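Participant: Below is the structure I would like to discuss, written out as structure tokens.
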Amino acid sequence: RIMRPDDANVAGNVHGGTILKMIEEAGAIISTRHCNSQAGEPCVAALARVERTDFLSPVCIGEVANVSAEITYTSRHSVEVQVNVMSENILTGAKKVTNKATLWYVPLSLKNVNKVVEVPPIQYARKEQEDEGKKRYEEQKLDRLETKQRNGDLIFPVINPEPHTVGYSQSSLIHLVGPSDCTLLGFVHGGVTMKLMDEVAGIVAARHCKTNIVTASVDAINFHEKIKKGSVITISGRMTFTSNKSMEIEVFVDADPFVDEPRERYRAVSAFFTYVSLSKEGKPLPVPQLLTETEEEKRRFEEGKGRYLQTKAKRQAQLQQAAQ
Amino acid sequence: RIMRPDDANVAGNVHGGTILKMIEEAGAIISTRHCNSQAGEPCVAALARVERTDFLSPVCIGEVANVSAEITYTSRHSVEVQVNVMSENILTGAKKVTNKATLWYVPLSLKNVNKVVEVPPIQYARKEQEDEGKKRYEEQKLDRLETKQRNGDLIFPVINPEPHTVGYSQSSLIHLVGPSDCTLLGFVHGGVTMKLMDEVAGIVAARHCKTNIVTASVDAINFHEKIKKGSVITISGRMTFTSNKSMEIEVFVDADPFVDEPRERYRAVSAFFTYVSLSKEGKPLPVPQLLTETEEEKRRFEEGKGRYLQTKAKRQAQLQQAAQ
Amino acid sequence: RIMRPDDANVAGNVHGGTILKMIEEAGAIISTRHCNSQAGEPCVAALARVERTDFLSPVCIGEVANVSAEITYTSRHSVEVQVNVMSENILTGAKKVTNKATLWYVPLSLKNVNKVVEVPPIQYARKEQEDEGKKRYEEQKLDRLETKQRNGDLIFPVINPEPHTVGYSQSSLIHLVGPSDCTLLGFVHGGVTMKLMDEVAGIVAARHCKTNIVTASVDAINFHEKIKKGSVITISGRMTFTSNKSMEIEVFVDADPFVDEPRERYRAVSAFFTYVSLSKEGKPLPVPQLLTETEEEKRRFEEGKGRYLQTKAKRQAQLQQAAQ
């Protein structure tokens, strides 16, 4: 679809969150269709996880985003979908790959939302495809267990914070979950949640560096808990790490069932977003260093540095591999 | 894309206007892309006309609408696009043709919005295709001239109208044109206008028959005048004709440039919408007869009857042809 | 326009904020049109103040809201607009007055947003109308000066608050101002701000009483400061007072110019919203009493009680007058 002014920031770059939302919608359609392709219990595919996603080039207002999706692996109870986004300038005809994303969906029964139904197996062109898919499946399963344990953290506000400290840029946003945010099962679309997460992360990044910023990448996101229609969700973001030219922001989503529900507030999702700051000509700008104050902040900064160096090493290994 | 609760009426049927808007967006993308496919002046395709469109089957919330578009004819300054919409129930896999529409676009220069640029010719598989396209081109050109003359009519409110009279159901809606309603040239997307027209026509129809109603068809719509960002548009609808099971509603769009413009209010578009009333099981219901009071209303009723009979005859001829 | 699922809360009642937004749009259109009706500098009317507004009856999904606006007074630099909202059930034909609102607009030059242009005078049917309008004008002018002084307050978060305390229900919401939120001048529509304020107030009210709630009234709101496109606005709400069946919530709007602006965060608007809690049958429910802890909270509770008793006395005086 054509990118509109409302999809973009003041510099005309389309929000990463808008693109994540389109990706997730495409993934939800293809996996729901697949899971209902054989006689069996009607079901709706719910997003369980998005793998790390890089935004390779910014999309601008007026460009057309082309989204294509393909099922690349199925386990007994989950579907892996690969989604590619191309942006196309329909005036010049120029096309660019914007990003490639991998998503995992789990089919939930339409009659009983707590029941996961079986996924019809797909046919693989080659045996290795199945093996590689199985490997990815095992890896993400492990990773999901790990993040589940790290999810107790809260963000507390700071009074009169100094510029460039963590407290200075941290932000939260409240959203009341409406009908258009939800699937047929009455739970929030993963894409809606990701769009809100990107919005908060973008506000944190812009507050820190006071310039035009764009999403560079999103780390793997696990959706542990469903969020029901009518809930209030609080999306909070804080900066964890800065390199010379990038910022890492941790985002939490907490849900409050809020009406007619005995349940307490719970952590539904958390993720790391990386942002870069761009000049008017689209060149990366230096980013002010994050000032850490508490022991916790210093620890998180070091962990962020670890993730940053790991990603950098991985990318260089890929470049070398490609050059060979 | 997946149809959401906000796309539908209280009975869960997606508004015809939502579908018209998707159709127009697809048409605008393909024709803008085509008109910029050769080195030349960058341009944006503006909707000039939509041919009569029938809604063959209602679309429901949760279904996926698949829109495909193809260029079927080019004249020197215009592009004919054929758009097909299929609705797909991703749970059952059932697919239905929702409608087929034909749209005409005119490429306007990005630098000078009053300049129409030249359209690169397309290749035809067979010579007859070109001839048939040319015939359609000439026909619509003639028809556009005719409607241009009929455009002086106004709708005046009636105090304490009787049920089932024209004054009883007539309605208007005012909309302030925002940035997301507009193309790169700063003019309203034709699809946005059609969606608002369908909304008003739907209110008129529901006021008349007090039941659940759906769009059955839209007569050819000509877009004589562009509408600029910041304008206020008034969309007015009145019932012109009822058969046993259908209602015809005439809709006018008047634009008010309103700030910074010396121009008076002007008629931008007008069209006829046909609605049917459906029971909860989706069966057509009888419609109360429209009570005409003035000479004007009786004349419009007769004209509507003429259009109704003509369409009916045409459809029967097609059915007979198909049966042979 | 027809009320959609997204306009309403889980019980199907349309948010007061949606209605306030429609009212403000109607007021902005009629006053901008009036101020441009004579040859002179093109201008856009900006909302300066909304008088106290009562919501007389809830509106439901599927109903049509009819908004009508009329200019009732003009001073040299401001316009008073009276807006009436009727909700209509188009299936039964039943109509109800939803609310009546009075708004004040100031015309700002399109070329220089800091210049207030002159308002063409309107004609009054009777001399008293002008005198009464002048009296209203003087009263609101005085009131605007007063609120300007009261605007220094901040909301600080509380860790682990007890149920029914002020800290327990207080909430804030962040919004990034996009193009569709803004007028032609690039400043936020007053109606957009009011909608967000109502959203926060509704979340505070629902957190306090854990039931379905609706807006009962909004006190006079003064718009002291414009908010520019690209700003981040923080809307915070806290409960100030509860009677047996109503809750008063104070809402602040703070703007953060945020990119490319030397300006500090500033208080743009503040207002009091009153909510009631409704049972599924639409009957008012008792509200848990607000537990005040600090001296400040006790003082605000007493002030809220004063406003509550004053409004109650006023309403009874009106009823007695009407009965005579």
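A Cβ is built for glycine as well, from the same backbone N, Cα and C atoms used for every other residue.
TrEMBL labels come from automatic prediction, so no person has curated them.
Per TrEMBL, active site is recorded for B:N9, B:D198. Residues or ranges marked as compositional bias 'Basic and acidic residues' by TrEMBL: B:296-306. What TrEMBL records for B:1-111, B:167-281 is domain 'HotDog ACOT-type'. The region 'Disordered' annotation in TrEMBL covers B:293-324.
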Participant: For the compositional bias 'Basic and acidic residues' (B:296-306), DSSP counts of helix, strand and coil?
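Facilitator: Going through the compositional bias 'Basic and acidic residues' (B:296-306) residue by residue, I get 11 helix, 0 strand, 0 coil.
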Participant: Averaged over the whole of the domain 'HotDog ACOT-type' (B:1-111), what is the pLDDT?
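Facilitator: Over the domain 'HotDog ACOT-type' (B:1-111), the predicted model scores a mean pLDDT of 88.
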Participant: Rounded to a whole number, how many Å is the Cα of B:D198 (active site) away from the Cα of B:N9 (active site)?
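Facilitator: So the alpha carbons of B:D198 (active site) and B:N9 (active site) sit roughly 12 Å from each other.
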Participant: Please give me the CB contact count at 10 A for B:D198 (active site), counting all chains in the structure.
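Facilitator: The answer is 26.
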Participant: Can you work out which residues elsewhere in the same chain, 6+ from the ends of the region 'Disordered' (B:293-324), have a Cβ less than 8 Å from its Cβ atoms?
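Facilitator: Long-range Cβ neighbours of the region 'Disordered' (B:293-324): 165-167, 217, 219, 240-241, 243, 246, 248, 250, 272.
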Participant: Give me the DSSP three-state residue breakdown of the domain 'HotDog ACOT-type' (B:1-111), ordered helix, strand, coil.
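Facilitator: The composition, in the requested order, is 23 helix, 51 strand, 37 coil.
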Participant: With DSSP helix as H/G/I and strand as E/B, how many residues of the region 'Disordered' (B:293-324) fall in helix, strand and coil?
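Facilitator: Result for the region 'Disordered' (B:293-324), in helix, strand, coil order: 29 helix, 0 strand, 3 coil.
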Participant: May I ask which residues of the same chain, at least 6 positions away in sequence, place their Cβ under 8 angstroms from the Cβ of B:N9 (active site)?
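Facilitator: Same-chain residues close to B:N9 (active site) (Cβ under 8 Å, separated by 6 or more) are B:H15, B:G202, B:N212, B:I213, B:V214.
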